[in-house]
Amino acid sequence: MGCDASILLNHLGSERKAFESRSLRGFQLIDEIKVELEKRCPRTVSCADILTAAARDATILAGGPFWEVPFGRKDGKISLAKEANLVPQGHENITGLIGFFQERGLDMLDLVTLSGSHTIGRSTCYSVMNRIYNFNGTGKPDPSLSIYYLKMLRKRCKKDLDLVHLDVITPRTFDTTYYTNLKRKVGLLSTDQLLFSDVRTGPFVEAFATQPFLFTSQFAVSMVKLGNVQVLTRPNE
Ligand code: HEM
């Protein structure tokens, strides 16, 4: 856990081997960057710094903002599969998410802002099966899902490991459609949709949905904060 690149460690019982890491990919690209850096500048740039910079650069390529990444992270040497489930899975309530973020020095504004990264990428259907078939054990779908979107998801999600876009309208563009989707009841994860309906987070969703510049500038600020969570910097850490 934390920004120490321990997710890259690939041994029996490591975080990367956990079920929760099922859809993570791009590991080879990070390995290639590391090899190149070791050639040109040996034992200087950590994998944690590479991952943090790559997240920033990928954001730019998708149309998002630039931010300055402070460097100097050390790589963690411990990676435990059982810790992978500490990361929110998409079925938490807002109080739980606020608490989780707060424990890491991130506030409610960071929560709504960073959730905006779901403007790109995909999720396994596993994360939404309950929402579309058996919400909270009711045997019915989540009523906060648009009926059209529900039909689409049922069609696309035949198996747990099928994939669906997190942003159904512009899945490859970094924009504020993620937030406008929530207003139209087409948020993919239950946690996404709840950000809109909860009185504590709803006003931020509304602000981002209507003021794209507000979102992109706050995203840069919140990503710097996220990149500094549980960072290792001391010599023998
Ligand atoms: C607020 C709490 C969050 C929850 C509950 C959450 C939940 C999830 C879930 C369930 C998935 C899909 C996993 C799967 O089934 O394959 C996902 C994907 C993703 N999440 Fe989050 N997430 C959260 C915060 C974040 C943050 C802070 C970021 C980055 C700043 C982020 C970036 C992403 C991206 C980019 C994907 C797509 C990955 C891909 O295409 O493979 N999420 N998230």
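Placement of Cβ uses the backbone N, Cα and C atoms for every residue, glycine included.
The domain 'Plant heme peroxidase family profile' annotation in TrEMBL covers 1-237.
The Ca(2+) 1 binding site annotation in TrEMBL covers Gly2, Asp4, Ser6, Glu15. Secondary structure at Ser6 (Ca(2+) 1 binding site), taken from DSSP and collapsed to helix, strand or coil, is helix. The C-beta environment of Ser6 (Ca(2+) 1 binding site), restricted to residues of the same chain at least 6 apart in sequence and closer than 8 Å, consists of Ser14, Glu15, Asp75, Gly76, Lys77, Ile78, Ser79.
Taken from TrEMBL, the feature substrate binding site applies to Pro88. Within 10 Å of the C-beta atom of Pro88 (substrate binding site) sit 15 other C-beta atoms, taking all shown protein chains into account.
Look at His118 (heme b binding site): DSSP puts it in a helix. The heme b binding site annotation in TrEMBL covers His118.
Annotated Ca(2+) 2 binding site per TrEMBL: Thr119, Asp167, Thr170, Asp175, in sequence order. Annotation note: Asp175 (Ca(2+) 2 binding site) sits in a coil segment as assigned by DSSP.
Summarising the annotation, TrEMBL assigns disulfide bond to Cys125-Cys157. According to its DSSP assignment, Cys157 (disulfide bond) is coil. For Cys157 (disulfide bond), the same-chain residues lying six or more positions away in sequence with a CB closer than 8 A to its CB are Cys125, Val128, Met129, Ile132, Val164.
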**Other residues, Cβ within 8 Å of Thr119, Asp167, Thr170, Asp175 Cβ centroid (Ca(2+) 2 site)** = Ile120, Ile169, Pro171, Arg172, Thr173, Phe174, Thr176, Thr177, Tyr178, Asn181
**Fill in**
The predicted model's mean pLDDT over the domain 'Plant heme peroxidase family profile' (1-237) is 97
**Prompt:** Cβ under 6 Å from ligand 1: which of the binding-site residues Gly2, Asp4, Glu15, Thr170, Asp175 qualify?
**Reply:** none
**Message:** Going by a 10 angstroms cut-off between Cβ atoms, which of the binding-site residues Asp4, Glu15, Asp167, Asp175 has the sparsest surroundings?
**Reply:** Asp175
